[in-house]
Structure formats: C-alpha cells, structure tokens
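J.: What follows is a structure written as structure tokens; I'll ask about it next.
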Amino acid sequence: MQKLGRILMVEDDSKDVELTLTALEEYNLANEVVVTRDGEEALDYLNCRGKFSARSRENPAVILLDLKLPKVDGLEVLKQVKAAENLRYIPVVVLTSSHEERDLVTSYKLGVNAYVVKPVDFHQFVNAIKELGAFWAVINVPPPESVNK
Amino acid sequence: MAQSNSDSHKILPIVNRYSLAVISVALAVMPALVLQHFKFRDVELPLLLFAIALTAWHAGVGPSVLAIVLSSICFDYFFAPPLYAFSLTPSDIPAILVLISFAVLVARFSAVRRRIERDLLQTQDKLQAEVVERTQQASLLNLTHDSIFVRDMSHVITYWNRGAEELYGWAPYEAVAKRSHDLLQTVFPMPIEDINAELLQTGRWEGEVRRTKADGTAVVVASRWSLRRDEANRAVAIMETNNDITDRKRREEEIRGLNQELEKRSADLQASNKELEAFAYSVSHDLRAPLRHMAGYAELLQKNASSALEDKGLRYLRMILDSAKRMGNLIDDLLAFSRIGRTEAQKTSVNLEQLVKEALNEVQPETNGRSIVWRIEPLPVCYGDRSMLRLVLVNLLSNAVKFTRPQPKPEIEIGCVDGNKDEVVVFVRDNGAGFDMKYVDKLFGVFQRLHHVDSFEGTGIGLATVQRIIHRHGGKVRAEGAIDQGATFYFSVPKI
C-alpha cells in the first residue's frame, strides 16, 4: 500500500467525528486524520494560520467537508478552497446528512470533487467512508500543485 | 323634343322682355300725345324716361336699348317740331341728347340695382338652405344616444344634444352659454394645459373625466374631443362626445379589488407552502443525523459487546437497528416527496421503454432471485420530466415486486391502453396480494397503508409520490384490484 495521505475532516458533530474515525480505524486509515470543528478552523488549518501556523506545509490529500457548520459554513469553505491558488487542487468531498438539490448543485458549481450523502445504515456508512478514504487518501495520486508551498 | 321644349321656354321670356319695351314706350307716348293735343307740353320726356326705366328694371339691357331707340324716334316724330316728321332742327338736338343721356343713366342704374337685388336674393336662398341643412344635422345629433355638446374656445357651450341632457340632467336652454367645465365641475385626468396642447396639435383628445350631474351625483365619462377649425385654420370650437362609464368603472374597481385580494391570498398561500416545505425538509434533514448516530452506536455495540449480551439483548439491538433503518427510509421517502413539490419539472420527450428498462434494473436487487415473469409491451414516447417519471415507474415496479412475494408464480405486466388523443395511459399489473376496492381512495394518500408493516414493508409514501408527480404532469392515476387477485395501476402523461 502506498503512503497514506493526510485527511482533513471538517465536522462539528462529535458523534459523527467518532463514528467516522471508527470507520476509518477499521481500515487503518485513522492515523492521519486531522479534525477541525467548524469552517473557520478548517480555513485556518488550510492557510496555516492561528494555532496551525506551525503545521507541516504539506496539503491534505483530501478534505471531507460537512455542509452545516458553525461560523463559516461548508459551502463557503468550499468556495474559498476552490478560489485559492495554493488550495484549489485539493480534492474536496462533501459529506452531508441529506440529499438537497440546491446544495448539490451549488457544490458542483463551486467545483466539488464528490458529493456523498451519509447513509443511515452503519454498514453502508462504514463502507462509504472506507471507500472514500481508500480512494482519495491512498489510491488517488494528487496533483503536484496540491502540496503547499 | 325635350330640346325644342326648353328652347321655346327660353325664347318666350325674350319675346316678352322686348314686348315690354315696345308696350311701355307706347303707353308713355299715348298719354303724352293726348295731353299735347290739349296743349299740355313737355310731359313726354318724363313719361318716356319712366318707360325706359321700367324696361331696364324688368327686362334688362337689350330691351332697354330698344326702349331708348323707340323713345328717341317717338320723341323726334311726335314731340319735336316739326311735329309728325323725322326731321331734326338744331334746336331739337340738345333735347334729344338730354333724353338719350338720361335714358342711358336710368337704364344703367336700374340694371345695377337689379343685379344687386338678385345677388341678395341668391345669398338669402343659400342661407336658408344652410339653415335647413344645419337644423337637420342638429336633429340627427339629437337622435344619437351619445351625449354630444359643442363649446367654443373659451369653453362656452354653444350646442347641447338630447344625449347630453339625458346624461347630465340639464336642458339645452340651461346648458348653452355656460362654461362647460364650471357647469359640469370637470375633473381631468391630466393638467388641462397638456390636454389643450394635444388637442391643438392633433385635433383630438380622448380620456376619462369625472363630472357632476345636475342632481349632484358624480359620473365618470369616456370623453372624446374633436377640434373644429374655420377656413382660415383658426380653432373655433370643440365637439365633445361622452359616454357614461360609471358602472363599468365601478365593476372594474371591484374586480381589481378582488384580484388584489386573490393575489395576496395566493402569495400568502405560496409563502406558507414554501415555509412548510422548508420545515419538512429541515425536519427530515435534522432527524437524519441523530438517527444515523443511533444506528451507528447500536451497530458498534452489537459488534463490540455482543459477547456480553444475552440473546434477548441482541434481539433488542436488532430491533433498534431495524427501526432506525425504517425511519431512515421514511425520511428519505418524505424528502423525495417534498422535493417533487419544491423542484421545477424539466419536461422533455421521454422514451418510456428505455425508462422501464432503467426502472427494472433499479428494482432488480429487490427480486432476490425470484423467478418473476415480466411481460413488457411496446411503449410510446411521452412528454415529461424524465427523472420524476423514472421515480413513478420505480415505485410502481417496486410495489409490484413486493406484493407478488406470496405468489408462487409471480407475473408483472407493463403496457399501455388507448387514452384520448393527447395522453398516454400506462399500466403496471401484477398478480400479487391485491387490495379491497373499498379502500381504493386511501391508496394514494401519504402514510396510507392497506397492509401490515410485518407482511409488506414500506413507508406509505410511494404511491403518494406517484400521484404527486403525475398530477404535476397534468395526468391522472387510478388503481383496480381485488384481494389476492392482483392489482393494476394506471397513470396518464401527455403525449409528445
């Protein structure tokens, strides 16, 4: 197996964080997950600001982004990521609670790489997370520009 | 014949006119001769002048010349010495010259006067004819139901027809010579200066004005103004034609009021509908997260702590997971149902056969390897929203698969029947559990179920969704069935 890329998870619900991490753990994908709890924190991380100013300069291999977030919402994070010269090539996967046409359309307009509705069934959820993690963090070869600076 | 007739008509007056000259001279000569006989001299000159004047007056230039010549001859023969001879002595010449000069002057003045008189008469005739014509026109204007009045450029009324009297309540003698805007208390829809400018420029103006009748009631009239100009192109009068539109205006006002109310109600309804849809969406969305957590943690518990649990505990866990799954399906179906109300239908031509194939692929996993006999007839192309119609077919096929489960030889048929010329009627028929026609009205309602959850799982939203989609296409749904004898669902969609 290839070297595991770092996964940036943006999720405000601690239960969702725990369940997602559990799912990733089952497939040994949890080690490199960075969790941010709102849109502002996620942008700080991506731009190496505030408490993340000392982080390693490498961009995450994938961003798992919830849409309903405190402070700065998911669509705004997506917009800023896709507008920033040094971040726009990071694959962004929207992970949301339900299928809402408007969010789906807006996300794709903003250049999202995948849009996933979290399944209620835990098996399906685990499978979805596993496949996402495996595809984006392991199988997919990121473009060279996605490495920060 | 007609020609000679008219000629004789012309000749007769000419003969008469010249006869007048001869007779009048003769009638002047005879008394003069009689008087001369009784030694009364010098009466002949005034008498002959009178005869010439008479001829000139009544018979014109030619006969008066004849009269002058005859008078001169008679004067010379009868009255100038030597009497009864055509010889002129030098002493007679002045008298003859005086006679001729006088005669010419008298004839001339008579002719001029006569011409003037004739002209005067002609003018009078013309005037009379015009008066008759105008009177006729005015009485025609009185016949019309429109109210018509004429006013001069300082708005003084000069004519007022019967329609105007009926509309405003003033008789012509009350209205004529009054200023129209004062009498009628006219309220104009725009500044009067603008109206006058338009009237002078184009010669007409049209608009709605408010006025007050003689009895004080207000009236709205559609008023048309036409400008009249004289030969020198000066504006001289304005003719107004008015129609009472008070009732029409009131009805329009009422309709406008009703429309506004309707629009407001419709907007209110739309707003509350939107609110409701948003609420349904948000509830479904927010319900999903805790549900997922419940299912997730129950699953983790089952996995990590199953050794610590008895069979009973494990069964409880399974029940929790089952219920969570059902609630998840319910929420998903509700979301899909509410989405139909919220999204715009994207209508195109839809190949129903292709759509049935796709729907079959989608329900394939639900058949669990059962050997179902599918009978699929050729289907036409229709006009509608592809993804919505796909959902209709998926729901109906999924229902058919589900309700044929107890049937050892399940058969499902898809086809179309003759509808009217504008629509396609598609049916899905199965030989499954069927239903009691008594409850057919409940079939398409939200959360309405005719079977127990334990025998046939489902949320009770599928057929409601089908109906909502078909209604959005302007079509109809219906169902036929009998218990244990299968069911047939029909839906109609517009033809291409």
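Glycine is no exception: its Cβ is also placed from the backbone N, Cα and C atoms.
As annotated in TrEMBL:
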- B:248-279: coiled coil (COILED)
- B:133-189: domain 'PAS' (DOMAIN)
- B:205-257: domain 'PAC' (DOMAIN)
- B:282-496: domain 'Histidine kinase' (DOMAIN)
- B:18-35: transmembrane segment (TRANSMEM)
- B:47-73: transmembrane segment (TRANSMEM)
- B:93-111: transmembrane segment (TRANSMEM)
J.: Can you work out which residues elsewhere in the same chain, 6+ from the ends of the transmembrane segment (B:18-35), have a Cβ less than 8 Å from its Cβ atoms?
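T.: Sequence-remote neighbours of the transmembrane segment (B:18-35) are 43-44, 47-48, 50-52, 54-55, 58-59, 62-64, 66-67, 70-71, 74, 78-79.
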J.: Pull the DSSP breakdown for the domain 'PAC' (B:205-257) and write it out as helix, strand, coil residue counts.
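T.: Within the domain 'PAC' (B:205-257) the tally stands at 12 helix, 30 strand, 11 coil.
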J.: Along the domain 'Histidine kinase' (B:282-496), what average pLDDT does this model show?
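T.: Across the domain 'Histidine kinase' (B:282-496), the average pLDDT comes out at 86.
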J.: Could you give the number of helix, strand and coil residues in the domain 'PAS' (B:133-189) as assigned by DSSP?
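T.: Looking at the domain 'PAS' (B:133-189) with DSSP, the answer is 27 helix, 13 strand, 17 coil.
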